[in-house]
2 protein chains.
Amino acid sequence: MSDYDTVSAEVEHEDEIPEDHPRYQDLLTRHRIEKGVEKGITHLQGMHAEGRGSAFDYLLGEETIPSADDAERAAAAHLLLADHPVLSINGNVAALVPGEMVDLAETVDADLEVNLFNRTPERMQAIADHLRDHGAEAVKGLEADARIPNLDHQRGKVDEDGIYAADVVLVPLEDGDRAEALGEMDKTEIVIDLNPLSRSPRVAEVPIVDNIIRAVPNITAHARDLVDADRDTLEKIVEEFDREHALEAAEERIRSGF
Amino acid sequence: MSDYDTVSAEVEHEDEIPEDHPRYQDLLTRHRIEKGVEKGITHLQGMHAEGRGSAFDYLLGEETIPSADDAERAAAAHLLLADHPVLSINGNVAALVPGEMVDLAETVDADLEVNLFNRTPERMQAIADHLRDHGAEAVKGLEADARIPNLDHQRGKVDEDGIYAADVVLVPLEDGDRAEALGEMDKTEIVIDLNPLSRSPRVAEVPIVDNIIRAVPNITAHARDLVDADRDTLEKIVEEFDREHALEAAEERIRSGF
């Protein structure tokens, strides 16, 4: 039996959502995306995407399953091993985990780059400002002086000294076409997506099937734990991570776990 | 392998969505909800709810499963047997199937009543106007001269000669609290909901686990087929419908079918 659909729509600030509410995470996520739309950070379709993710999270049990925790540890190791790691930010990421992405970037010494499916100068600027409000010092993506090959002009725009040059990219909530095009650039791609069957996690070297509001702080926690580890230790974590198992375990949980 | 997440955001009119697109129904649904939000018909949270539904529809295979077709036939029989059937319309219903609800109301001689979770005079009026644009003659819900017991003031508002007096109500995409409160009023309740575990279908006499854009035209088709049937035939259809089986079959499809 579920209390899935009983939610109040009349919350002005997230502090008003009771932390002991059985659907706290879902309400918090929806609230942040709604505020993101109101602020011009998030595209209206981001609200739809978030709803879709919310159903998969519900089926996963709204928790970080062990295989997702493994993926988050592998992601931390990849980011720490990278020469030039970049964290990609879209409208939903900015609305949901702005401070958490800034923390992760600082912990693994990565760049933050704004990269939108529905790119407009206003949204680019609003998101860059929003990240700075949450402590970001440098925000890339506004230059857009390079292109991802095999994508249409607008969607392929990146910074030459950002995603274009990166060896490891974290692309949370990425669309399938761009995830695939980035993968073809021989970058190590880390994707966060709640649907283990969607194309983005399927093409990623590290697919994280988890809610971004749990995943990002957990990658940061693993990175803090590993920050003084030697390369051998990090490389061993990377090698031992089994992406097929991660995808299968998530699918199995969705099939049987609810 | 799925093409789940590859969608264009830049469609101005639904005619631009290619009918042979593998995700046609999902794109059409999202587009209609997005237009609903832009027109002030649909609450922003309706976009989230629709996204959630879209994930369940994906897991169901985006088709009317046989048990849903049975439920839709039973719904048609209930509506034809009713003394005073009412079809309840919220912001998502109005955005997704306005003409289809008008058709169904005409076919079974039911009232249409606007009933919103987030009620404002502007949205009530916008939805009533939208239904009239789609051929509705009378639209109830604006009077709001009665209350559903056991619901807070705003959410309990109904028309005394509408939902309050109805013996059979179709409440598509209803929230759990209101579905439960309506059920307690001894009405025969028909719910359309893509999540078989959510409370609304669980409390309904006829739970239809199907996408509303497929379900409503199919109820109408069954009603047209049954419009000249005698009461015995209709009562037999009602009796033979097994709500537990309908819920279990939908859950089984979601577990195993994808």
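Glycine residues also receive a Cβ, built from the backbone N, Cα and C atoms like all the rest.
Listed in TrEMBL:
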type: BINDING; residues: B:Arg30, B:Arg52, B:Asp193, B:Leu194, B:Asn195, B:Arg199, B:Ser200, B:Asn211, B:Ile212; note: ATP binding site
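Taking every pair among B:Arg30, B:Arg52, B:Asp193, B:Leu194, B:Asn195, B:Arg199, B:Ser200, B:Asn211, B:Ile212, the residues recorded as binding ATP, the greatest CA to CA distance is 24 Å. Non-local contacts of B:Ile212 (ATP binding site) by the CB criterion (under 8 A, 6+ apart in sequence, same chain) comprise B:Asn92, B:Val93, B:Leu96, B:Val97, B:Pro172, B:Leu173, B:Ile192.
Following the DSSP three-state reduction, the secondary structure of B:Asp193 (ATP binding site) is coil. Chain A lies within reach of B:Arg30, B:Asn195, B:Ser200, taking the binding-site residues B:Arg30, B:Asn195, B:Ser200, B:Ile212 and requiring a CB-CB distance under 8 A. Annotation for B:Asp193 (ATP binding site): same-chain Cβ neighbours under 8 Å, separated by at least 6 residues, are B:Gly53, B:Pro172, B:Leu173, B:Glu174, B:Ser200, B:Pro201, B:Pro207, B:Ile208, B:Val209.
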